[in-house]
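For reference, TrEMBL has these:
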- A:12-218: domain 'Aminoacyl-tRNA synthetase class Ia' (DOMAIN)
- A:263-453: domain 'Leucyl-tRNA synthetase editing' (DOMAIN)
- A:466-657: domain 'Aminoacyl-tRNA synthetase class Ia' (DOMAIN)
- A:630-634: motif ''KMSKS' region' (MOTIF)
- A:633: ATP binding site (BINDING)
- A:703-814: domain 'Methionyl/Valyl/Leucyl/Isoleucyl-tRNA synthetase anticodon-binding' (DOMAIN)
RNA sequence: GCCCGGGUGGUGGAAUUGGUAGACACGCAGGACUUAAAAUCCUGUGACUUCGGUCAUGCGGGUUCGAUUCCCGCCCCGGGCACCA
């Protein structure tokens with residue numbers, strides 16, 4: 001038999017799989033497909049982290065299992081998300097080219113991944129930094145541009161001082177750069193955006209039909225942040241000074257924010273968005289954001305322009321983090337000379353400018369209802385503004401749970417001293433609202449919306465927190481944006497035939513704040529595709545966010561060598577959508593949102609006919625260091641998978657990571673515990689000595705029962721991705737087999753077969769030693785026999801008042817009477833009953849008998 | 001502040017349409033083998049105990065014959081969102 005020489009065995013079988021192309025797949029219409037996908041790694045210089053193989057092993061088990069159980073055509077690919085900052089920063093540090101470094105890292109990752117025995121189709125590898133790939137990333141940009149979904153706009157954007165580039169909103173975490181953790185500041189810059197907001201509704205609605213972890217769906221829901229409300233126009237009128245309306249109407253230029261401020265028939269309106277139109281009677285003032293255009297428009301009518309300008313200046317100095325700091329005291333200034341008119345009661349109310357109202361949400365203006373909004377309440381308290389209660393909590397309820405109206409509804413204007421009132425922002429029943437008194441919030445909303453629409457001063461509206469995706473970056477190591485600027489023709493999309501636009505090599509790619517590509521002579525030596533001019537023509541020097549590359553890579557896997565198209569329609573139709581996708585939860589609003597957006601765009605452009613890329617998603621939990629903290633270089637607690645594999649072997653490593661705990665949980669690493677897995681594999685190995693080739697059936701029927709029970713449990717556990725309990729069940733079986741004098745070859749082979757997706761190398765080796773010529777990966781998954789699982793005898797617990805006092809062994813098919821009779825015969829039970837008859841007897845078949853005394 | 005997860009032996013974890021808490025593994029203790037050690041194997045291992053039992057699934061209540069599981073009120077940890085009108 002020899003010793004369990006994992007090093008030799010693992011090398012041997014890795015070579016065998018490679019030589020035989022065991023896991024290469026091709027479209028085969030007669031077979032069902034299964035697309036089993038890992039989030040492709042970023043090939044960092046640090047090499048593979050122990051967290052990578054956790055998810056990769058999980059998908060590999062599923063891939064191997066599905067080939068065996070369902071004979072499916074399993075697409076299980078891998079590739080590299082190779083553009084991005086770390087390689088570039090490292091390249092700058094050691095003064096080399098990121099391309100070379102990336103290639104070295106990819107080579108190293110490939111070696112490491114191969115050493116783990118994953119059943120990837122290595123012929124389909126993709127590398128996003130290769131021109132043959134990013135040609136199609138640029139093609140994707142073209143598609144978006146042509147559909148009006150890619151646009152350049154000057155806007156306040158997030159800027160990382162350390163990385164010297166702009167970032168997407170999703171890449172700013174707690175006001176800091178997601179990559180380098182440095183402070184992010186706001187800058188007004190002209191940048192490229194993808195119009196993901198066009199798909200906000202579908203991105204939200206489709207979540208319900210996805211088999212994804214609930215927390216991820218919830219994060220996306222919150223991020224999209226849909227809220228239904230009403231746009232309401234408030235008349236603006238001059239208070240002390242007269243309003244020169246002629247002047248106001250003179251300027252009709254269409255600035256993006258212009259719509260918030262409407263004028264018609266000489267009347268100036270301020271439009272606000274609210275989700276609570278039922279509190280309209282409680283609106284005692286208005287607030288506009290410092291950036292609101294009303295200030296410029298109404299400049300003439302405002303008496304304290306200087307004071308206002310000073311406030312705007314102060315507000316503009318603050319970054320977004322300071323602006324949105326909740327602990328900060330609210331500040332604001334009243335616009336003297338202007339008043340708004342509350343449309344429901346024609347009351348004149350003051351208008352304030354305050355930086356707690358944001359220009360980038362809704363209309364940048366609000367009606368303030370201090371009695372029912374915490375922020376407005378704080379502001380009203382500080383500036384001694386009236387607080388009118390218009391919603392009361394419903395306290396009384398009838399028996400059938402229907403709301404009833406409080407007996408007394410005050411119907412007078414009721415100003416509350418702020419010191420005795422605490423803000424109530426829930427729904428309830430309305431008071432102080434004229435004819436609407438007594439309505440509950442929902443009824444009120446419906447009624448008032450009808451009224452507002454009838455008066456043509458309001459309309460239903462939906463708002464989102466989701467913003468368009470900022471995709472341009474002022475960095476070198478990314479896909480160039482396929483745009484040319486011609487002095488004569490303006491902004492021109494690069495034609496498909498001119499793709500890829502390759503990254504030039506003659507560049508000092510150190511970040512300066514200006515795109516490094518600006519400095520390449522070669523890069524800008526280009527003709528205008530429209531007029532043919534060579535002078536006054538330059539390329540867009542920005543590159544694309546790496547998340548653009550990763551938004552479609554799973555489509556490229558189905559057709560990785562196609563040089564005419566990003567993918568063939570037919571192949572995509574066969575393989576997509578992805579059936580199982582496994583990766584970290586950190587991409588909840590990044591990659592997972594962007595990829596969904598891309599699929600919808602491509603679908604609408606007619607390239608695809610499905611709506612969602614990833615039917616089923618699972619997140620692997622983080623593997624923590626032994627001390628329970630995150631593994632990090634600075635803490636010196638990082639475990640290198642290479643070391644573990646060298647010491648224990650890849651099979652042990654795979655099995656250990658699956659045995660640690662549930663896939664989705666965060667789990668601390670324990671090098672000490674690995675030995676248990678190694679012992680288990682040694683045990684399996686040594687069972688060869690007990691294996692009897694003549695013995696085709698086991699004498700021990702309890703072993704047979706356990707074997708079939710184990711097949712059943714492993715099958716169910718893999719389906720549910722509960723790998724930790726699957727392994728413990730195999731351990732139970734191996735422990736029992738070890739205690740046998742002899743084990744039949746049939747039983748032993750069954751154990752090896754169900755072990756093979758988890759520990760493929762040792763399984764192949766034993767399988768071949770038992771005389772099999774094929775790869776175990778091509779074997780059929782065993783079927784358990786339900787009849788063989790049934791136990792003849794079972795143990796029943798006997799409880800007195802819910803406490804277990806004895807256990808009895810009975811025939812499985814024992815009748816209730818017989819079981820109770822037998823229980824009453826127990827000496828222990830007799831003692832507990834002390835001669836009395838039980839008041840009640842509860843019998844749970846196959847489980848227990850409970851006596852109540 | 002709001003929204004999700006979660007809290008079980010010395011450790012990782014198992015068991016929830018309410019039904020024997022602690023599977024499996026690590027560690028630890030004792031034993032066998034060995035001149036010795038490693039490896040391996042065997043036995044024990046939640047706590048307390050007057051050896052009858054008692055107490056134990058973050059804390060305090062409740063429902064139930066019976067609660068880790070359901071309900072109410074807290075505490076702690078992790079994650080997400082955060083002036084979103």
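For all residues, glycine too, the Cβ spot is worked out from N, Cα and C.
Listed as Cβ neighbours of the motif ''KMSKS' region' (A:630-634) (distance under 8 Å, sequence separation of 6 or more from its ends, same chain) are residues 46, 49-51, 622-624, 669. Simply put, out of A:12-218, A:263-453, A:466-657, A:12-218 has the most Cβ pairs sitting under 8 Å from the domain 'Methionyl/Valyl/Leucyl/Isoleucyl-tRNA synthetase anticodon-binding' (A:703-814). Helix, strand and coil counts under DSSP for the domain 'Methionyl/Valyl/Leucyl/Isoleucyl-tRNA synthetase anticodon-binding' (A:703-814) come to 61 helix, 19 strand, 32 coil.
Non-local neighbourhood of the residue listed as 'ATP binding site': A:46, each in the same chain, at least six residues away, with C-beta under 8 Å from its C-beta. According to its DSSP assignment, the residue listed as 'ATP binding site' is helical. Across the domain 'Methionyl/Valyl/Leucyl/Isoleucyl-tRNA synthetase anticodon-binding' (A:703-814), mean pLDDT in this model comes to 92.
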